[in-house]
Amino acid sequence: MTTSEQALIALKGVSRVFASGTSSITVLNNITLEVTAGEMVAIMGTSGSGKSTLMNIIGCLDVATSGELYIDGQNTAQLSADALAALRREHIGFIFQRYHLMPDISALANVEIPAIYANVSRINRRERASALLSRLGLAGREHHRPGQLSGGQQQRVSICRALINGGEIILADEPTGALDSTSGQEVLQILNELHQLGHTVIIVTHDINVARQAQRVITLRDGEVVSDTGKHAPNPATLPKKTSERQSHWQRGLERAQNALLMALKAMNAHRLRTLLTMAGIIFGIAAVVTVAALGEGAKQKTLEEIEGLGANVITLFPGDNFYRTGPLVNPVLRVTDAEAIAALNEVDGVSPEISDTKQVVFRQQTASSTVTGVGRDYFRINGIEILQGTVFQNDRSALQEGVIDENLRNILFPKDRQDPLGQVIYLGVLPVRIVGVASSYKHAPPNASYVWIPYSTVFQRMSAQQTLGSISVKLKDSADSVAAVEAIKRLLVQRHGAKDFMIFNQDQYRKSRERTSTIFSLLILMVAAISLTIGSLGVMNIMLVSVTERTHEIGVRMAVGARRSDIMQQFIVEAVLVCITGGVLGIALSLAVGPLFNTLGNGALNAIFSWQTAAIAFCCSTLIGMIFGYLPAHKAARMDPVISLASE
């Protein structure tokens with residue numbers, strides 16, 4: 001049958017064959033028909049006749065195995081998936097038997113969905129949706145969720161959704177099948193009114209009473225048209241021409257991104273527990289990475305402080321060829337003359353002979369057990385020890401009975417009135433010594449440890465018969481090559497002693513070794529944290545894949561109302577990124593919260609130092625994780641078949 005008017009919908013030899021194992025089933029066989037704009041047509045048939053498949057093909061949800069479908073002169077076989085989505089979005093409105101509304105959002109939000117994908121501004125689509133709901137008698141129920149509405153009210157929401165973008169073609173699949181007779185009659189009356197307004201209405205039904213509402217009835221049996229009765233009676237009324245909003249490319253892109261963000265937030269809010277569980281792996285993974293980085297930075301700073309306390313470019317010599325040697329050594333001694341010889345080398349900036357002992361220090365009624373060390377006057381400069389009061393002894397060779405105490409000993413001997421210790425005489429055992437200076441305590445000295453420094457010559461001549469040194473501290477010039485300097489000192493002492501009966505402790509090498517050890521340790525812990533984060537990321541992907549499976553029906557509805565594959569993909573990626581970003585922020589917050597606990601429980605051994613750079617990197621990592629591990633679920637969602645998805649309810 002042909003008409004003089006240009007057909008809005010034309011099917012030419014359309015067949016649809018489904019594979020079933022090794023065989024195939026022909027559901028539609030060589031269907032040829034035309035529907036003119038403004039017609040109201042009923043497609044009748046019993047279950048299995050192919051009427052729903054025909055509707056899916058006309059609605060661009062399914063593709064014919066053979067034959068051609070033209071909509072408004074366009075051959076749909078030549079259109080891409082996005083172009084078919086545009087046809088559904090701009091020209092076709094679906095009314096389903098089971099309504100296919102999203103249960104977690106309001107009636108108003110359900111109606112708005114096709115307009116969101118059509119890039120209609122938020123204000124305009126809200127106005128359109130509200131007007132349609134009021135027009136169909138749902139004023140005051142805009143913010144009710146589908147579960148709070150009756151079946152007839154839900155179907156009217158479905159009709160409003162079909163009309164939000166114009167609904168030039170209305171495809172109603174068993175629109176009264178799930179309704180009572182009264183609600184069914186109300187829906188049919190609405191469809192008749194839409195026909196009178198110029199909409200092309202196609203009703204798929206098995207009910208003859210419903211089919212009689214149309215001016216034309218097409219009957220299918222076993223996939224073939226067996227009758228096409230009634231008249232081609234297009235309504236002379238024409239729909240008003242749609243006006244599209246003028247938006248630049250970047251405005252459309254921004255609008256799409258905003259809509260995807262809002263829909264993702266709604267989806268996350270609708271499944272709060274699942275979202276929180278999904279975040280958990282990211283929260284603990286990011287918290288572990290940030291905390292480990294903070295602890296590593298704290299350990300690094302502590303190491304640097306220890307090294308700074310030892311002085312820069314400093315090496316120390318000890319008698320003996322091994323710290324752990326238990327056997328006898330031949331003349332394992334260092335002497336003052338060795339220190340004088342070392343001081344003459346060009347690479348050397350300062351030398352201090354050292355010999356230590358423990359003495360009972362007495363000042364009036366106050367006593368303390370302190371380490372008494374005989375040193376050269378350059379000792380304090382070499383080891384970076386600050387003089388807080390007074391000065392150092394001016395001569396280290398004249399056995400002067402002068403000394404420098406540290407601030408810990410000052411606090412012990414002068415506890416009450418904090419009188420000035422300078423000029424006071426203290427006893428080191430039985431040796432009286434006048435205090436000439438107060439120095440800062442060792443940064444990493446044991447608790448309650450105290451120190452007194454006197455000239456090394458005073459120790460040799462007034463305290464001990466021993467004439468050998470415990471160690472020699474050597475400060476190298478800043479311009480000196482430490483490796484070459486150490487070799488020069490080694491050659492000098494081997495030449496003087498006739499053997500290598502000494503050890504050289506290079507503090508620069510010690511610092512590098514500590515830093516390297518700290519770095520390796522931090523990397524190992526970071527690897528463990530990274531594994532934890534990876535497991536959390538896989539958890540995100542797994543939950544998102546489960547979410548895609550659970551929301552298959554939702555995906556089908558979104559595709560039916562005009563969502564492009566890129567829209568579906570964007571929504572799920574945005575959801576994954578939002579979950580990971582939120583988890584990353586909470587992970588950083590958790591790390592900042594537990595950091596002080598490490599500082600307290602570690603009793604100074606652990607110190608977490610946080611940096612915003614680390615937090616920023618962690619934030620970027622969580623975002624990247626969302627994009628990477630959200631891609632596979634998003635890709636799976638975007639590739640779903642809308643017909644199969646709609647049937648999964």
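Cβ atoms here come from the backbone N, Cα and C positions, even for glycine.
The feature domain 'ABC transporter' is assigned by TrEMBL to 9-247.
Annotation source TrEMBL lists region 'Disordered' at 227-246.
Residues or ranges marked as transmembrane segment in TrEMBL: 276-296 (among others). If you look at the transmembrane segment (276-296), the same-chain residues 6 or more away from its ends with a CB under 8 A from one of its CBs are 518-519, 521-522, 525-526, 528-530, 532-540, 543-544, 579-580, 582-584, 586-588, 590-592, 594-595, 598, 606-611, 614-615, 618, 621-622, 625.
Taken from TrEMBL, the feature transmembrane segment applies to 520-545 (among others). Panel annotation: around the transmembrane segment (520-545), residues 274, 277-278, 280-286, 288-289, 291-293, 295-296, 299-300, 572, 575-576, 579-580, 583, 621, 625-626, 628-630, 632-634, 636 of the same chain, lying at least six beyond its termini, place a Cβ under 8 Å from a Cβ of the stretch.
What TrEMBL lists as transmembrane segment is 572-598 (among others).
Beyond the ends of the transmembrane segment (610-632), by six or more residues, the same chain brings 282, 286, 289-290, 293-294, 297, 533, 537-538, 540-541, 544-545, 572-573, 575-581, 583-585, 587-588, 591-592, 595 to within a C-beta distance below 8 angstroms of the stretch. TrEMBL lists 610-632 (among others) with the feature transmembrane segment.
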